[in-house]
Amino acid sequence: METLHREKVAVMGSGSWGTALAVLLAENGHDVALWSYRQEEAEAMAAEGENREFLPGIAIPKSIQITWDCEKALTGRQAVVLATPSSYLRSTLQRFKGHLERGALLINVAKGLEESTLQTLGQVIAQECPEHQVAALSGPSHAEEVSRKIPTTVVASSASRAAAERTQGLFMNEYFRVYTNPDLLGVELGGALKNVIALAAGISDGLGCGDNTKAALMTRGITEIARLGTAMGADFHTFNGLSGIGDLIVTCTSMHSRNRRAGILIGQGKSLTEALGEVHMVVEGVYTAQAAVKFMERYHVEMPITRTVYQVLYEELPIQGVMKNLMEREKKSEDLSWHLVTEHQVRWQEER
Ligand SMILES: NC(=O)C1=CN([C@@H]2O[C@H](COP(=O)(O)OP(=O)(O)OC[C@H]3O[C@@H](n4cnc5c(N)ncnc54)[C@H](OP(=O)(O)O)[C@@H]3O)[C@@H](O)[C@H]2O)C=CC1
Ligand SMILES: O=C(CO)COP(=O)(O)O
């Protein structure tokens, strides 16, 4: 592996993902500050050398400066990793943007959509910090595995090639392989929307359905994600990549997935509140489902799995009705190539 360019990096958010990435960046030789929004959390991590609540068993190197003081975390740092849950991204940015260094690169690692504005997280960041370049790091990557150096691949995406390549260079090492991808919108949408499909996969497991059902949910799930994504202007091919189908596979199959675990509990008959309490960590799909329903209405696309999850979470669709809802819809054609579908349909029309 080529020698790394050492940078001063701030990781803003000390949940499981922020902590795992801070450890990875420090191991890559960077000078890292890890910011927690709560003083007690920062002090506990500093005293224990570990994030016992969100990433137990992983030693936090002493070289990492753990702090709850935004100014301390950001002063002199030219790369800033945004690792808070998506619902707190805007408020966190508003709290600390005054302390950002001029020209600092902002790298979002959260996965979600802002329901109140129907913006992607990249758009939220660009709106709050218009002077800064924005990148995203996304893909199949559970913190529990990355922090144990289990081989993992992700993508670094930005409208700016230089920003994507800089992000790639910051994170890449022998167990964490980073590809670049220029389609920031597609990368963000894949990362956010797969969480709703993972809730469906969990519900299916909780209901006692089988592998056939899971395969169906994953395949039709990526189809509906791509349908919305391409309607919004994302590149169809991105959904075949790590931040699309790759992340969907890991989230729908792994016991590390909080979305899948919450889905299993709901499928077993627990209420949303009970499921969230039991999982304890952030279950992004619960919030993304609300935004996704608004997006599908705005872009006039059908997303039956996402809509069904929304109905279970917010409209009291009985859990026994989930499969009926999906299986007994009207007959359909398996529309796979969104960029070609019009051409095929025209040909079919001509054949009639
Ligand atoms: N974990 C993973 O494997 C991966 C996560 N992600 C994404 O990373 C993002 C962060 O998730 P993750 O690290 O897993 O979250 P966790 O559930 O592990 O931790 C959530 C963190 O958010 C903190 N928090 C709570 N309220 C606020 C607030 N008002 N402002 C700021 N922070 C707050 C919590 O602190 P408190 O102790 O007070 O509750 C806690 O530190 C999510 O979007 C997730 O989808 C992406 C890839 C992998
Ligand atoms: O995005 C993730 C892995 O890539 C984390 O997924 P969960 O939030 O479902 O745990």
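Just so it is clear, glycine is given a Cβ too, placed from its N, Cα and C backbone atoms.
Just so you know, TrEMBL annotations never went through curation; they're auto-generated.
Among the candidates Lys72, Lys97, Lys111, Lys149, the one that TrEMBL lists alongside Arg258, Asn259 as binding substrate is Lys111. For the NAD(+) site that TrEMBL gives as Gly13, Ser14, Gly15, Ser16, Trp17, Gly18, Arg258, the extra residue drawn from Ala126, Ala143, Ala156 is Ala143.
Under DSSP, residues within the domain 'Glycerol-3-phosphate dehydrogenase NAD-dependent C-terminal' (183-323) fall into helix, strand and coil as 111 helix, 0 strand, 30 coil. Largest CA to CA distance in the substrate binding set (Lys111, Arg258, Asn259): 13 Å, whole number. A gap of 21 Å separates the Cα atoms of Gly13 (NAD(+) binding site) and Asp247 (sn-glycerol 3-phosphate binding site). For Lys111 (NADPH binding site), the Cβ neighbour count at a 10 Å cut-off comes to 28, with all displayed protein chains included. Comparing Cα positions, Gly15 (NAD(+) binding site) lies closest to Val282 out of the recorded positions Lys111, Gly139, Lys194, Asn259, Val282. With respect to ligand 2, the binding-site residues Ser14, Gly15, Ser16, Arg38, Val282 contribute no residue with a C-beta closer than 6 angstroms to one of its atoms.
Of all the Cβ atoms in the protein chains shown, 25 others lie within 10 Å of the Cβ of Gly139 (sn-glycerol 3-phosphate binding site).
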